[in-house]
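If you check TrEMBL, you get these features:
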BINDING   65, 70, 72, 74, 86  Ca(2+) 1 binding site
BINDING   159  substrate binding site
BINDING   189  heme b binding site
BINDING   190, 242, 249  Ca(2+) 2 binding site
DISULFID  33-112  disulfide bond
DISULFID  66-71  disulfide bond
DISULFID  118-313  disulfide bond
DISULFID  196-228  disulfide bond
DOMAIN    23-317  domain 'Plant heme peroxidase family profile'
SIGNAL    1-23  signal peptide
């Protein structure tokens, strides 16, 4: 969810926009695959033991999946022939940890073959990523189906890190998500890392009169400029998204109020009285943030998607 590139805003009429699913149920697999959740958790834990960036990757992957054609695991599909899939679209180039979903799917195909969708596995893995990073847990409604269409061009629908508040509100509203959902889900930036390209606009040539975004705390901006010089050549250079980027907490909101946010889209949350009040509320209460985050995650992850159960999460059919 965190590292995306600046892309032009695409209006609703150009692409299909997902709507909430009505058939999801937290006990959907109780009889057909009773060990589903423990199998997914084992896969996430194993991956985390080898790579601490896995939770952020899984959370972002789920977000990027749901915002295009709903939560249908279309983000997992590989490009084939001339068809360039979502995962190869510019905002998704830096997505990783697909193997976690593959490992869980492989184990599930042994335990309960042909039953569990890749979309449900990804939704569960994102929940586990949050919980295993010190955040809240919740019952994930299940019963999603996997989609058959994955187009790199549709990644233009994803909210960009350069978006202002009106662009963000419109992008979320198209998916039935509110201002409260926008501010709560932005808290997912408590986990993760961004490459320089996603915030270069704030620290070099901000506008015609100033080089650095004046809303940034000066010493913080200077630190980012030292890591990401104007003509940065270091492929992996960048910054953590908050000061405790491996722990799911409310530090993101506290730093935002201090002028230490990374993206323009983060700073945009202070642009209206309502969004700023929510930022302040979440900064002062981890409990309030977690409650709102869980509500918004369930809402977002219920956006409708596909039509089938994939046997291989990377291949249609």
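For all residues, glycine too, the Cβ spot is worked out from N, Cα and C.
Where TrEMBL records a feature, it is marked here on the structure.
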residue: 74; record: Ca(2+) 1 binding site; contacts (Cβ under 8 Å, 6+ apart): 65, 68, 85, 86, 146, 147, 149, 150, 305, 306
residue: 112; record: disulfide bond; contacts (Cβ under 8 Å, 6+ apart): 29, 32, 33, 35, 36
residue: 118; record: disulfide bond; contacts (Cβ under 8 Å, 6+ apart): 73, 76, 101, 105, 146, 310, 313
residue: 190; record: Ca(2+) 2 binding site; contacts (Cβ under 8 Å, 6+ apart): 241, 242, 244, 245, 247, 248, 249, 250, 251, 252
residue: 196; record: disulfide bond; contacts (Cβ under 8 Å, 6+ apart): 227, 228, 232, 234, 237, 238, 239
Nearest-integer angstrom distance between the alpha carbons (Cα) of residue 66 (disulfide bond) and residue 72 (Ca(2+) 1 binding site): 7
Nearest of the recorded positions (70, 71, 72, 159) to the residue listed as 'heme b binding site' - Cα to Cα: 159
Winner by Cβ contact number (other Cβ atoms within 10 Å) across the binding-site residues 65, 249: 65
List of residues, in chain order, with Cβ under 8 A from that of residue 72 (Ca(2+) 1 binding site) and at least 6 apart: 65, 119, 144, 145, 146, 147, 304, 305, 306
Which listed residue (71, 313) has most other Cβ within 10 Å, given these are disulfide-bonded residues: 71
Fewest other Cβ within 10 angstroms of its own Cβ, chosen from the disulfide-bonded residues 33, 66, 228: 33
Sparsest Cβ surroundings (other CB atoms within 10 Å) among the binding-site residues 70, 159: 159
Local Cβ density at residue 86 (Ca(2+) 1 binding site) - other Cβ atoms counted within 10 Å: 27
Residues close to Ca(2+) 1 site centre defined by 65, 70, 72, 74, 86, Cβ within 8 Å: 66, 68, 69, 71, 73, 75, 119, 147, 150, 305, 306
